[in-house]
Amino acid sequence: MNKLRVAIDGPASAGKSTVAKLVAKRFSYIYCDTGAMYRSTTLKAMRLGIDLHNESEIVNMLNNTKITFKPSTNGQLVFIDGNEVTNEIRQENVTNSVSTVAALTKVRSILVKQQKAIANCGGIVMDGRDIGTTVIPDAEVKIFLIASVSERAERRFKDNAEKGIHTPLEELKREIELRDYKDSHREVSPLTKAKDAIELDTTSLSINEVVDEISKIIKNN
Ligand code: CDP
Ligand code: CDP
């Protein structure tokens, strides 16, 4: 079987990264979490005290930054300039600021260029918001995962509880809706379903059911 490029897009907590990792494992493909690149950029800018609307300063910073991934048993470790930041980039302050940085045109063009280079080898599952539309518009398989806002807030609530964080469900719902809005309404490559993407509603599907469904689509390609 040819090594395909699989693009998985969709809104926050639709299950993209969980499912993408498992699909990659099943086919012995590489997994690339593009959200981690936007999150790492945001974290470094915050640590340096850069105004997150200041595009030129963030671009300067990014031109001197190395974001790298290392596969691990639990998925993937993320490094900024050689220092591990896997957990830090998931903190709530980063989550709630990342859409501001991801809306900056020049930031996107730097990261999209890097993502295109990573995807070039094939045999890859890449997840994000604009993979099927911008990063790999000719991907052999394009999936668009969705789930209701309530279900997605519940998922984030459970993830948070495991980490000892107890943000109220209603607040998580509002945060998700706001991030969905910002990601879908930005000028550059907003979150949209590619015309040729297959939409899967995961609201009442288990992780395994979603992985099986995507695997079927890959095998039938
Ligand atoms: O896992 P979660 O859905 O919370 O988000 P993520 O995939 O880690 O992405 C974090 C943020 O990065 C998104 O809300 C987008 O603002 C941005 N992003 C993007 O603009 N384009 C991508 N290809 C991936 C992420
Ligand atoms: O990457 P994205 O933000 O789209 O979602 P995620 O971080 O992969 O998934 C958020 C949470 O939903 C994780 O705890 C998953 O275990 C859970 N989940 C899922 O991913 N898929 C389902 N069908 C059901 C639950």
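Cβ atoms here come from the backbone N, Cα and C positions, even for glycine.
What TrEMBL says about a protein is an automatic prediction, not a curated fact.
What TrEMBL annotates here:
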- 6-219: domain 'Cytidylate kinase' (DOMAIN)
- Gly10, Pro11, Ala12, Ser13, Ala14, Gly15, Lys16, Ser17, Thr18: ATP binding site (BINDING)
Binding-site residues close to ligand 1 - of Gly10, Ala12, Ala14, Thr18, only those whose C-beta is under 6 Å away: Ala12
Gly10 (ATP binding site) - helix vs strand vs coil (DSSP): coil
Neighbours of Gly10, Pro11, Ala12, Ser13, Ala14, Gly15, Lys16, Ser17, Thr18 excl. site residues, C-beta within 8 Å of centre, ATP: Val19, Asp127, Leu145, Ala147, Arg152, Thr202
Listed in sequence order, residues with CB under 8 A of Gly10 (ATP binding site) and six or more positions away: Lys16, Arg129, Ile143, Phe144, Leu145, Ile146, Leu191
Cβ neighbour count (within 10 Å, all chains shown) around Ala14 (ATP binding site): 25
Fewest Cβ neighbours within 10 Å, where candidates are the binding-site residues Ala12, Lys16, Thr18: Thr18
